[in-house]
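Reviewing the structure listed below.
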Amino acid sequence: MAEGIVLLTIFVLSAFTGYEVIAKVSTILHTPLMSGANAIHGVILVGAILVAGRADSAIELIVGLVAVFLATLNMVGGFVVTDRMLEMFKPRKQVERP
Amino acid sequence: MTESVWIDAGYLLAAVCFILALKALSSPRSARWGNAVGAVGAVLAVVLVFLAERPSNLVAILIAILLGGLVGAVAARRVAMTAMPQLVALFNGVGGGAAALVALLELGEVGGSAIIPLVATAFTVLIGAISFSGSAITFAKLQELMTSRPIVPPGAQWLFGGAIIAALALSVLVVTTGNTLIGVVLALVALGLGVLLVLPVGGADVPIVISLLNAFTGLSVAASGYLLGNTLLLVAGTLVGAAGALLTKLMAQAMGRSVANIMFGALRGGSTLGASVESQRPVKSAPAEDIAVLLGYAQRVIVVPGYGLAVAQAQHTLRELADILNERGIEVTYAIHPVAGRMPGHMNVLLAEANVPYEQLVEMEQINPEFKSADVALVVGANDVVNPAARSPQGSPISGMPILDADHAKAVVFMKRSMRPGFAGIENELLYDPKTTLLFGDAKASLTKLVSAVKAL
């Protein structure tokens, strides 16, 4: 299989996985869902490190480092803020509503 | 071969972590654990890219990571729960910006060889930049750095149409030439497009925009994964894209409008901007002591909390009132509208912060039939979500939006700061209903008065 088709396959399967997983998310957790998903796309940091590491001119390096900075901000901030929110949804004595 | 297989297996593991993180959100019990798993996946991915690539400029990159992590963690720790939506918008925007920058840099590498990577590049630059500037405007609207009312610049349709055509033409040029400079121009046009996209959206619709832009950033990250041949970015970005798209759809349903109507309604001139002036029509108001009698001798009270409650930082006082009513044997539940607050599910977070058991939070579909048997509907800091104008088929900006049937309760108590219309800028007929009593004042002060008045009964 050509690489393009492999990637396309991964894309389509991920889209269905994402849809199915998220359809089951409890509505009371929609804000943490959004912020958690937000943290996950912070993984663009991987791409930012790749391009900053390959930069061979000063301008490329600066742009790359800005990308690294922004992506880390997205990722770290996203996970921390989601954790802070979820901490407040502690299970209580009563039984959980279905 | 062996090393790259290990790296790819590691990326797969990180992708599984992300899926588990989202899956764990199906219950509040597992959600926090899931978020930690997601964070582990992200750290794993970053370690792997260092191992696999051994990037040059290592020190500079590490410093940039340190700074970004520090700023992100401090901002996330300090933000008030009421300001959560704008922080999420901000984080989302910088993610989109990062994706656009990565694609611009990669444009030099891709060259004019293959067409599909170039399409992915143009897509990432376009969508990433739209997400960046759109999120910036969203942030400004929510932070009240600018008006939250829809802004339609003169000739907006032409400007917007022109920007779209320019963006598409530039995208085609990027794909055919692979020229980085054209890519930069495309990014600039896309930034303008993002601004034009969000300006006409009114304050009440901003939650939808956050969700939509989240999906945009996800897709641009997925496209950059395609471009870099990195499966993890592809999977993670697609997951987020799907999450954002689904959430946007759910939110639009909760407002009874299509996503297109929300985004472009003001552009088409279809949305009537509500009045911001106070009405002079007569209303019935009462002091806290009278309201306390009404509440203290009720059997069922349904609280309708809104964003105004959180602004007044009155969630804790509200819970105190609910506790006292509970002790008197009165059943208290909270009716949560899907768009209460400033982003999907925001009100749940705000009440959870005040230790309201999430079992008492009831969603719109379940609670609406219950209003008929409720003695008092206590509306605190909410307005548009109980506005009966939404039931009329047309003539109001919120027409067709499903609302909480607070007006079906035997009595309605409306706590308001003033007669100023709500976030959507629309007058609320419920205020003039004969069974409605208004309690004027700051939500926290009024609730404190109510607490002592009920205690004194």
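Each Cβ is built from the backbone N, Cα and C atoms, and glycine gets one as well.
Features as listed in TrEMBL:
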TRANSMEM  B:6-26  transmembrane segment
DOMAIN    B:9-452  domain 'NADP transhydrogenase beta-like'
TRANSMEM  B:33-52  transmembrane segment
TRANSMEM  B:58-76  transmembrane segment
TRANSMEM  B:88-108  transmembrane segment
TRANSMEM  B:114-137  transmembrane segment
TRANSMEM  B:158-175  transmembrane segment
TRANSMEM  B:181-199  transmembrane segment
TRANSMEM  B:232-252  transmembrane segment
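Long-range neighbours of the transmembrane segment (B:232-252) within the same chain, counting only residues 6 or more positions beyond its ends whose Cβ lies under 8 Å from a Cβ of the stretch, are 11-12, 14-15, 18-19, 22, 45, 207-208, 211-226, 258-259, 262, 338-339, 344. As a whole-number mean, the pLDDT of the domain 'NADP transhydrogenase beta-like' (B:9-452) in this prediction is 87. In this chain, the transmembrane segment (B:114-137) lies close to the transmembrane segment (B:181-199): three or more C-beta pairs between them fall below 8 angstroms, excluding pairs fewer than 6 positions apart. Cβ atoms under 8 Å from those of the transmembrane segment (B:181-199) belong to residues 100, 103-104, 107, 121-122, 125-138, 141, 150-153, 156, 159-160, 163-164, 166-167, 170-171, 173-174, 209, 263 of the same chain, restricted to positions at least 6 beyond its ends. Taking Cβ pairs closer than 8 Å, the transmembrane segment (B:33-52) reaches residues 3-4, 7, 10-11, 13-18, 20-25, 65, 232 in its own chain, all 6 or more past its ends.
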